[in-house]
Amino acid sequence: MQEQQQQQQQQQHRRQQQQQQQQQQEQEERQEQQQKKQKQKQQQQQRQQQQRQQQQKQQQDDTKDIQAAAKTAEATAATASTAAAAAPNAAAAAGGIAAQQQQHKQQQQQQQQERQQQQQQRQQQQQEQNHENKTISSSSNNRSSSSNNSSSSSNNSSSSSNNSSSSNNSSSSSSSSNSSSSRRNKKKKKKVVAVVVVVVMVVVVVLLVLVLVLVVVVVVLLLLLQLLVLVLLLLVLVMLLLLLLLLLLLLLLFLLLLQQQQQQQQQQQQQQHHHHHQPHHQQQQQQHHQQHHQHQQQQQQQQQRVVVSLQQQQQQQQQQQQQQQQQQQQQQQQQQEEEKVDMALGQWEQ
C-alpha cells in the first residue's frame, strides 16, 4: 500500500511538473507573440512616418516645380501675345505694300497702253506716207511715159523710198515688240516676287505661333517630369529662333521698300519722257483693275480674319492653362489639408 501511495504521489508530482512546464511554455510563447506584435506595430508606425515625410517633401518639390512652370508659362504666354500682337501689324504692312504694288502695276499698265497707242498712231502715219508715196510714184509713172529713162529713175526712187519706209516700220515694230515683251517679263517677275514675299511673311507668322504653342506644351511636360535644365535650354533656343525670325522679317520689309523706291524712280523717269493719252476704251480696263484691286482687298481681309482667329485660339489656350493651374493648386491644397488631418489623427492615436 505504501508503495502504491508513493507511486501515486510521484505521478501527481510529475503531472504537476508537466502542467507547470506547459504553463511556462504558454506564457513564454504569449510574451514572444506580444513582443513581435509590438515590434511590428513600431516598424509600421516608423514606415508610415517615413512615407508621410517623403510625401511631404515630394509635394513641396512639386509645388515649387509647378510654381516655376507657371512662371515660365506666363513668360512664354507674354512672348506669344507680343508675337500675336506683332502679327497683325506685319499683315497690315504687307497689305499696304501689296496695295502700293497694285497702284504701281496699274500705272505701268496705263503707260504700256499709252505706248501701244503711240505705236499704232506711228504705224498709221507710216501707212499713210506709204500710200502717198505710192500715189506719187504712180502719177510720176503716168507722167513720165514719154521717157523710159526718167520713168525708170522715178520707179527706182519710189522703190527705194518704199524699202526705207518698210525697213523703218520693221525696225520700229521689232523695237516696240521687244520693249513690250521685256516690260511684260518685268511685270511678271514683280508680281511673283510680291506674292512670294507675302506668302513668306504669312508662313513665318504661322510658324511663330506654332513654335510658341509647342514650346509651352513641351515646357509644361518637362516641368512635370522635373527636368529644369532642359526647360532652360529650350527657352534659350526659342528666344534665339524668335530673334532670327524677326531679323528675317525686317530684311524682307527692307527689300520691299528698296523695290518700291526703285519702281517709283523708274516711273518718274518714264513719266518725264512720255505724255499721257487716255482714250475711251481705257475706262473698261480701269474698271477691270478696280475689280482686281477689290479682290485683293478681300484676300487681305481674309488673311486678317485668319490672324484674328489665331489670336482667339491662343487666348483660349491661355485660359485653359490658367484653369488647369488653378485646379492643380486646389488639388494641392486639398492634399495638404488631408495630410494635416492624417498627421493629427496619427499623433492622437500615438
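One is the number of the first residue shown, and numbering goes on along the chain from there.
Including glycine, each Cβ sits where the backbone N, Cα and C put it.
Note that this is a predicted model, so its numbers are computed, not measured.
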Given 239-272, 307-340, which one carries TrEMBL's coiled coil label?
307-340
May I have the DSSP-based helix, strand and coil counts for the residues of the compositional bias 'Low complexity' (1-25)?
24 helix, 0 strand, 1 coil
